[in-house]
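The divalent metal cation 1 binding site annotation in TrEMBL covers Glu127, Asp256. According to TrEMBL, the feature divalent metal cation 2 binding site maps to His165, His190.
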Amino acid sequence: MQTVRLLRWHATDEAKHIGANLTDAMFKGIYHGKTCHPGDLSSVLKRSFNSGLEKLIITGGDLKESEKALSLCYLDERLYCTVGCHPTRCLEFETFPSSHSSESYYHNLLALAKLGIQQGKVVACGECGLDYSDRLRFCPKQVQMKYFEKQVELAGELSLPLFLHCRNSFNDFFEILNRNRDLIIGGVVHSFDGSLEEALRFVESGFFIGINGCSLKTVANLEVARAIPAEHLLLETGSSVYYGCWYSYYLPMLKDSPWCEIRPSHSSYALVKTRTSNTEKRDKRRWSEDCQVKSRNEPCNIVQVLEVIADLKNVDPVELSETIYENTETLFFRKKKQ
């Protein structure tokens, strides 16, 4: 069996996951407000690290979730996190309990991020961006735009890369990034499901593209993923643990989360070679500590995303994983490419 540095085939292999939703209640055994099994985050982490992941980035979806993400980082030296507010939650800036709510929310994010940076745990600002899909009922466009730009300023003040979310909003999203270009040191557009034209615009501007199961649903998605240069790719699982917090990615430590697995209905499913990651999956009502939970993705499954991308590009997965590893180090841990 060949060694894959980033992903999983040997427990001694090194890999990074950028989008992990480890703060999700599912990892406490709670689904839709109902407790179905004991909390099993320790088992999820054990499977992740035994699968070869070297680091996980937990994604922060708002101030409270970012605080939880940072707290989780103290469980293991291999855990890192982001600090920020998801576009659908940006009304929190204006409803924060303070006479100057938006300024207070911003300064609380700033203080939290500074603390995490001092402790070597906070590696990006986000998840932030714009979402004009079916979630506008949670937060209007103008509010999203205002506080996305505010978080770009936050990243600039902290000299942190951006962990980005873009759904059906490319024009406004790209305009905000473009006019604040001097503040941006880098970033990844996570869980990308846009067009090839959009992907290449991001690449030309120096951004990385995060790919997970939600990025690989259709034939059109696969063609986009095939065309993205490996030097601009990061991988995610969308598990509640992302080389991050809402998502799971090899940088992928990233977030949209425990639901972004590659499913049998996806066009990418036929390209997956590793159907299970060392353990079977069980329904949450038949939970076992040694098994994954059906329909709840975990970081250890990142190998499946790697297999799909390697097949699409007709390249050696070991070599591809090395490239993605270096991409992750470059963006989040400031390692200069050789």
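Each residue, glycine too, has its Cβ placed from N, Cα and C.
The structure, with features from TrEMBL marked on it.
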residue: Glu127; record: divalent metal cation 1 binding site; CB count, 10 Å: 34
residue: His165; record: divalent metal cation 2 binding site; CB count, 10 Å: 31
residue: His190; record: divalent metal cation 2 binding site; CB count, 10 Å: 40
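Across the structure, His190 (divalent metal cation 2 binding site) and Glu127 (divalent metal cation 1 binding site) are spaced 9 Å apart at their Cα atoms.
The distance from the Cα of His165 (divalent metal cation 2 binding site) to the Cα of Glu127 (divalent metal cation 1 binding site) comes to 6 Å.
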